[in-house]
Amino acid sequence: MREVEEVSKWRRRCCYFWILFPLAVIATCMTITVVTFCSSTMYMTEVMGEATKGAMDSALMHIAGNMRPLLEANRSVFTIANTLHVQGNMASFSHVGPKLFLAFSMQPLQAQISYAAVDGAAFAYYRAGGGDGEARAMFARPNGTWFTQAVDPATGRPVGNATAAAPHQQLPPNVTRLLLDGGGGGASLADGWARPGVRMLFLSAPVGGGGGAVSAAVAVDDVVLRGAAGLRQLRDLGMYYAVAGNGGATAAPPAPEPAAYRSLLGDGAAAEEMALFSSVKCTASAIDAPPKLDVHGVKSDKYRFACTNFDISGVQMGFRVVLRKSAMVGVFRRGGVTMVAVACAAAAAATVACVLMARALRRAVAREAALGADLARHRDALRQAERKSMNKSNAFASASHDIRSALAAVAGLVEVSRPEANPNIVDNLNQMELCTNKLLDILNSILDTTKVESGKVQLEEVEFNMADVLEESVDMANVVGITKGIEVIWDPCDFSVMKCDNIIGDSKRFKQILDNLLGNAMKFTQEGHVILRAWANRPIARGSIGAPSRFAYRSLENNFFSFFFGAKEDRVSQNSFNPLQNDPNSVEFYFEVVDTGIGIPKEKRESVFENYVQVKEGHGGTGLGLGIVQSFVRLMGGEISIKEKEPGERGTCFGFNVLLKTSGNQAAEEDIEEGPSTVSELDIRASVFRETNCFKGWHCILFVHGDETRRVLQAWMESIGMKVWMVPGVESISSTLEKARSSRDDCDVDRCFSSKEMVSQVLPTTLRNNNIMARNLGEHHPLGMLLIVDVSNGQLENIQRQARDFTQMRSQVPCKFVCLTDLRTSYKDFRRFEEMSCDLILRKPVHGSRLYSLLMTLRDVQSSPMHRSSLVGHENYVTRHQDSANIVALAEVGRLDQGLKTEEDRPLDGMHVLLVEDTLVLQTIQRKMLNQLGAIVELAGDGAKAVDMFRDAIERASVSEEHSVPLPYDVIFMDCQMPRMDGYEATRRIREEESRYGIRTPIIALTAHSMEDDLQKAIDVGMDLHMTKPIERRRIVEAVHGVCKGKN
């Protein structure tokens, strides 16, 4: 305890240190920040000054570099003038023209080039409109008449007719001076001949001997603006220019006035900047010399000025560059001040915070002492809870093993009793087996909870039929529904599920979803009904399944909330990418489980999917069902939720969807010439349910108990074209029969399908060519009668009297009589049905394969000219019923007949088997089961006994055989959990014995555990196969054949 106090004191000192440490850090950071800011400010000021001067220098150099067209124009003028003087052909325009055009065409910025003679004649080339305009010629005769004419753009020769032009009053000043006074050339500003109103710079040179003058005109704005175009991307830069001439005089030209400057960058001259031009003095330089840059600091806090002037033979061009200092400089300075202020405020805040934290630390010390004592108590409680949890896990594992063993015994007794039971007992045994499997599922659900929470659940991929799974789940729920007086039924809706191919997925987990939802509905419903509705829809439409996806709006809702609010993140993260959504072989199934129970309050709907949560106490259960259901649904790419029912409706509606993949075994339709192909019973059933209006003209008299069953049957009968007559009571059966018979003649026979039309339009080619369908779908009778009577609620004598009229009607009209029963119907009643000439007995609930049996019974009437079935005889009711089921509903018979279907009755005949089992009941059951399969069984009560028996058997075999040692046993069934020596140790020792003789006997592990660790342990010790109890005969045969085939 003293050590703890010392540690606590040391920790408090450390806390005080860490409280003061931030204050010291902040002060140090402030000092470093201020020094760094001042240094950086000075450096940036110097750098920005150099950058400013460099930017303005670059701008002026760029402008000066673009003055080259003026030099080229001046040079070309003197060159032409010298050429004309040397050749002495000054008066010949045909000789002057080509030289002028050559210079004109080589300089695109020349607006005009001309030659003027002393006698008043003139000749010029100009560009109409300026820039890249059309080249034309203009000339004047000595009498003062001016003409203009188009020229050839390649040679400059005039083409076409000359047109008169407005006479020009005067020549440019420098040209006039050269003609009158002579001289060495010069420049002047004037309007051009071809572009009136455009100020041009005329560069002139005299022709020797006083014969005339050559001049070239360049538009000042074209040259200057073109040079300034490259500076437009520079921000905070103003560029101005002005031009001043001397009017042709010889005196030096004056500098441009400040008001004469114009902006080159198109932003206009600010009044404040223009006012400063008068205080800026610049030095003029020749145009072909480097510009002299004068930088001025007038109003240096806002602007930096630079200027230069160019003297062009008496014409001065002035340029002013204004660099507006960026606003970022001021922002930087203000930011520095703000930063210093913030740093000071942070230091003050840190000081205050340190004081407050010191006071809070004192109070925390007292709480820490109290919490330390509580922590010690909680730590002890945690250790105790962990020990209890470990003991609970061990106890649960042991209890799970015992429960599985007991259930295995019950399942084995059911399996052994099945061959000796009569038909009524077989149905009860089937229900006992379903209930045993239900108990196993409850046990597995508790184990699955742990797997789901740890993320270790792996979905299996097996092929199964969705309709069969739905039917099995509803049948099992119906057992409870009968005892409670609740109507349980599967509503196929649009029959899209019945039209599907086989599905690949985890049928066990999917059935667990249905069983949990149906079980909850049965638990909380005391009256009314429980309905399972089902639809199927292909995400990529390619088949006949066209039911709309009834869960699309939920996906949009989830995406909306997850995007804007982060809600439902689990759903989005789990199903953000599902490859089956874009798989053409995938099918989306949507299900609804609707009941009329007590319902779920809205405030508890969000929590019902949590583990160990129940809506109401006192209804039993573990509270794990809906949590596991939601996990499995999401693993299958779907979502589950509680749907709103209509106002005033009782109960709850659970809706969920899953994405599964079809088996892809459905072959394409074959051509008729290719002959018949093998057609499965599933293909026949799916094709039959795709037919519509195939019994048009038939009448159905329907007397059924249960509103939902009545609704489903009526909707289905009407969908296949029958006219349905609802019977309100038993006493009304005869009268309704008479009404139906008298009204049948009103049907238009021509509108009914013939057999050939139905076969060719409805069934695919493979079914049309199949011998079975050809036999069942022969020539039809257009009309028929169907009587469906529900005898599940008794009143059999009244029904028998009412049905006599129907029996007499058979000789007149094709008729069928169908009775609906339930699990409470006795064997004596079955005998009475035979006396009533009942054609088909269907057990409620009526769905799936039973609807298929009913449909094929009607087909039987269509395939014969008599009312008697071609496939079923009336002499023996039992034979008739079983044969019909075998022909038209192979899946139904296979599901009700749980016995093994093999080529022989004794598939293990002659095999020598060693059974190692410590439970006496399981010994008896498994031994009898193996004997029934034809095996010779030896028993061992524990692992040590099994090792001794194996050692003795192999020694006897080795003595009798000289060359090779045969296997002492064909297969060994080894229980894993046994006293004295368990199955793992026994297997290890058996493998050691076998290694001496070079043999290996197949060993199949039998265990009541279903964890993956047990499977891996069995493989590690040398077992060949792992089977979880209870063990069925079918699984035994498959396991033995599997290991024996692998050995061979």
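Positions of Cβ are set from backbone N, Cα and C atoms, glycine also.
Here is what Swiss-Prot records for this protein:
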- 1-16: topological domain 'Cytoplasmic' (TOPO_DOM)
- 17-37: transmembrane segment (TRANSMEM)
- 38-336: topological domain 'Extracellular' (TOPO_DOM)
- 337-357: transmembrane segment (TRANSMEM)
- 358-1048: topological domain 'Cytoplasmic' (TOPO_DOM)
- 398-662: domain 'Histidine kinase' (DOMAIN)
- His401: phosphohistidine (MOD_RES)
- 912-1044: domain 'Response regulatory' (DOMAIN)
- Asp975: 4-aspartylphosphate (MOD_RES)
Mapped DSSP class for the residue listed as 'phosphohistidine', helix or strand or coil: helix
Composition by DSSP (helix, strand, coil) of residues within the domain 'Response regulatory' (912-1044): 68 helix, 24 strand, 41 coil
Number of Cβ atoms other than its own within 10 Å, given for His401 (phosphohistidine): 16
Model confidence over the topological domain 'Cytoplasmic' (358-1048) (mean pLDDT, whole number): 73
Long-range Cβ neighbours of the transmembrane segment (337-357) (under 8 Å; 6 or more residues past either end): 19-20, 22-23, 26-27, 29-30, 33-34, 37
